[in-house]
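Taken verbatim from Swiss-Prot:
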| type | residues | note |
| --- | --- | --- |
| BINDING | 15, 166, 167, 168, 232, 233, 241, 247, 248, 264, 268 | ATP binding site |
| BINDING | 17 | Mg(2+) binding site |
| BINDING | 43 | K(+) binding site |
| BINDING | 56, 99, 241, 272 | L-methionine binding site |
| REGION | 99-109 | region 'Flexible loop' |
């Protein structure tokens, strides 16, 4: 019997890098409400007392970036100088320029379906049947822990009123013959008010954050718990560390369980294949696994700037496939249009649906409807996390001729 350990981590919405991601995606969403054809590449940096918004944006929309940035920061929980960062009073610096026309001529075409990729690059999508969300268990649990921290922190009459926004979680799982069998270690660090005793903090975090989330079947006498192991975490958020958009790409995806092409997601409109193609191949891999064609599936796709058709599509099922990887690849080419236009249409991506994805992972989330009013005053209902649907599983299984 082979045995090994595997670890993944997540960070809360109050982590400085995630603050930056959420601002970038809030800017993207606000622009898409007014201008669905906008080209957006928005980068954010947050540090003590300031948020800097930069990047390249081409749009007919007008957005009050200062007010929007402040709202995101305050909604996260940085609303007072007492916690070290106050969205109401921090400086907001706008350094946004326009997208290069050299790029634009390769993306926009007379025929929409001929839309070229916004850049060259390679992207990976992954799915596994070890959790109901088709996500690796370590990253799935890590996300739920920091999500629970925020839920308890924001709760009215919170049982943990001393919690602050910044937090991190890490899960180490033991695998036996490739199957997750136990939690070997749990690490959770949460920012807190001064004055809380370490003993009281540890007990409260165990009861209110860990206990509701950790699967009891995987806990055992030897499970190690490290809760605020430094003993103090008062200084956090943008005061403790500079935050940058796109610096948590492994947290955003599969926690290291799958490969990564290197491109970040937040602040990018769906013409950027770094984002849209990564969503598409997650959709593909998840439907392959949901169809029962494999227990694990990783799909790679690559593009050339200005070219519509993918340069390559490859599939790996790590020996878990019920049919050959070659046959799965043929089914993917048959049922999924992985041109940029095809992806945008297939997943209905030109809507303000992105800010929710900027914390707690872009994958493994439940699709949900979001309503908004567009620039014509019309009410529109869009689906966030549309790439998490498994609506192609049945036809894939049928065409694979699996019983």
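The backbone N, Cα and C atoms fix where each Cβ goes, glycine too.
Model, not experiment: these values are computed from the prediction.
Structure with Swiss-Prot features highlighted.
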residue: 15; record: ATP binding site; contacts (Cβ under 8 Å, 6+ apart): 166, 167, 168, 237, 243, 248
residue: 17; record: Mg(2+) binding site; contacts (Cβ under 8 Å, 6+ apart): 11, 241, 243, 244, 245, 247, 248
residue: 43; record: K(+) binding site; contacts (Cβ under 8 Å, 6+ apart): 20, 24, 53, 54, 55, 244, 245, 246, 267
residue: 232; record: ATP binding site; contacts (Cβ under 8 Å, 6+ apart): 198
residue: 268; record: ATP binding site; contacts (Cβ under 8 Å, 6+ apart): 28, 40, 41, 42, 274, 275
residue: 272; record: L-methionine binding site; contacts (Cβ under 8 Å, 6+ apart): 41, 118, 119, 263
Checklist outcome for this item: Across every protein chain in view, the count of C-beta atoms other than its own within 10 A of the C-beta of residue 248 (ATP binding site) is 25
Item to check | residue 167 (ATP binding site): secondary structure state under DSSP, collapsed to three categories | outcome: strand
Next on the checklist: Validating a neighbour-count step here. Other CB atoms within 10 A of the CB of residue 241 (ATP binding site): how many?
Outcome noted: 15
